[in-house]
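Here is the structure we will look at.
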Amino acid sequence: MKYFVNFFSIMCLFMCLAQSAGAQKDHFKDLPDECSPQKVGAILGQRFIPSKHMLHGGKWIHYAEVCTWYGALRYAEVVGDKKLIKQLQDRFDLLFTTEKSYQPIMNHVDLNMFGCLPLEFYKITKDKKYFELGMPYADTQWTLPEGATPEEKVWADKGLSWQTRLWIDDMFMITIVQAQAYHATGKREYIDRAAKEMVVYLDELQRPNGLFYHAPDVPYFWARGNGWMAAGMAELLLSTPKDNPDRTRILEGYRLMMKSLKDYQSESGMWNQLVDKADCWPETSGSAMFAYAMIMGVKKGWLDAAEYGPAARKAWIALVPYINKEGDVEEVCVGTNKKNDLQYYYDRPRITGDYHGQAPLLWCAYALLCE
């Protein structure tokens, strides 16, 4: 009888484990047809191909376009869409020839993140030209330039990027190119220094509720600013080896943020332009970044699937109707510099089809489809 009880207990344990393992997937199955990540990704990917460049300062490929390009490429990879990959590659290869002047210079965090894109093409094609283009963007983030300011020298002396600003969007811009350099080279220094940088930002900027002010002197929880941080932590957790000494701290900060986001999610499934203000308007770019980070957390086991899976699913289903018939995402907050004025954030214009909104919807499609 004792052996039967033990056998029965073991079988129950296995069944519970199996149910637990499958639970994370169930939340993303049986989505409404119009919310199919394959269909949404295809629409957004094809919308990107003929789109005009978005230029930083009117000169260089803008980080928001890079993020959209990168999102479309990852989506195409995960579904095996060779045609889309070729279209994305053809668009990129113009940057070696007729559009070479659009290659960003390497003197600012928003420009250096461009390197993540050629390194993704290198991963796919193994063509060294992409590696040789992408790696300097990662390396120069930690190479103090001539004429560096005293503040930049202080950051570098601490082993951090001289491009450190303690602006929350840095934590996507820096981590994405360093993670890509790590994957391209296998050298731990890239991912380890990105993780160290993230911990500094978490220690300096994360508030007790898990969210982040737009800047230390601007005490407002702007959605897209927080979105960059959420997505940046997710990207870093995807790449950082488990034996990295900073990984536990990053996971702690990520979970604290996700808990707060789950609490602030509206009944519709969206998040507002100011995350903690119920009377503010639903904003798509920040909501999509939050959804991406949460979907990844559920799928990778960083978050409890039973608790966060429904919130992630609800967010995705809420976001898809904001894509219009042209394939453009609506209700995207315009580019927003920090300002210590609450009404300023309420009054920010909303635009349609901006890459800040296109990109994170593509990330979500990828996240829903990846293993």
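Our numbering is plain: 1 for the first residue shown, then up by one each step along the chain.
Glycine is no exception: its Cβ is also placed from the backbone N, Cα and C atoms.
According to DSSP, Asp110 (active site, nucleophile) is assigned to a helical segment. Asp110 (active site, nucleophile) has a Cβ environment of 19 other Cβ atoms inside 10 Å. What TrEMBL records for Asp110 is active site, nucleophile.
Sequence annotations record features per position, and here TrEMBL assigns active site, proton donor to Asp169. Long-range neighbours of Asp169 (active site, proton donor) (same chain, six or more residues apart, CB within less than 8 Å of its CB): Gly225, Trp228, Met229.
The feature substrate binding site is assigned by TrEMBL to Asp110, Asp169.
Look at TrEMBL and you will find 1-23 tagged as signal peptide.
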